[in-house]
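I have placed the structure first, in the form of structure tokens, so that the comments after it can refer back to it.
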Amino acid sequence: MDSRMIPTRYTDTHVGDMFVVRNAGNVIPNAQHFQDEYFSCEPAALELGCVINDIRHIIVCGHSDCKAMNLLYKLEDEEYSSQRNRRLSPLRSWMWTHANSSLEHFKAWRNAGMQGPLIFSSETPLRRFVAYIDPENKFALEDKLSQINTLQQLSNVASYGFLKPRLESHDLHIHALWFDIYTGDIYYFSRGAKRFVPIDETSVERLTAEVRRYYS
């Protein structure tokens, strides 16, 4: 939702190139949160884009200085995240319900020293990937949480049964981008490098080759 984030600008795309869904925290609620006919707009958009319109690539985009991620970071505090306060704040309730898995991943990683890898499930339960978060220690804790949250959404996307046939047959692929608001740098999560890699003159050919080999 951030007004500083204009997807068509930083991806150099045009009208008709992308199907864009935006919300607070770039969150895709996990399928476990929905029963019967009760759904939010995010899974409905996934079905419209990927099943009806036959889109083959889902790209989850996170960014630095994300106000929703800053709030998620504060939800560690029991009073701040209390039921009373969640009832007073739709944003706190949204993040607590649908992004708490990202916060739990972050806390476990931080408590282990912030050096080791995190493991995320991806297209299928048997296809997992390893991620090292900000190994150069360039970003604030909230931005590290933002990167973890972006990767957690790949697992959430894959939780929907109506996407399962396309994911298992490799007709649908899931990617993660992360944008640094202040420098303008765009990072692509490379499963080969196991980290977010800045897209620049030195990496673009290698990243393009990785996408073409594994996701085309």
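The backbone N, Cα and C atoms fix where each Cβ goes, glycine too.
Computed from a predicted structure; not experimentally measured.
Positions annotated as Zn(2+) binding site by TrEMBL: Asp2, His63, Cys66.
Report note: the Zn(2+) site is defined by Asp2, His63, Cys66, and the residues of the same chain whose CB lies within 8 Å of the CB centroid of those residues, excluding them, are Arg4, Met5, Asn26, Gly62, Ser64, Asp65, Lys67, Ala68, Met69, Ser146, Phe179, Ile181.
In this structure, the binding-site residues Asp2, His63, Cys66 were compared by how many other Cβ atoms lie within 10 Å of their Cβ, and the smallest count belongs to Asp2.
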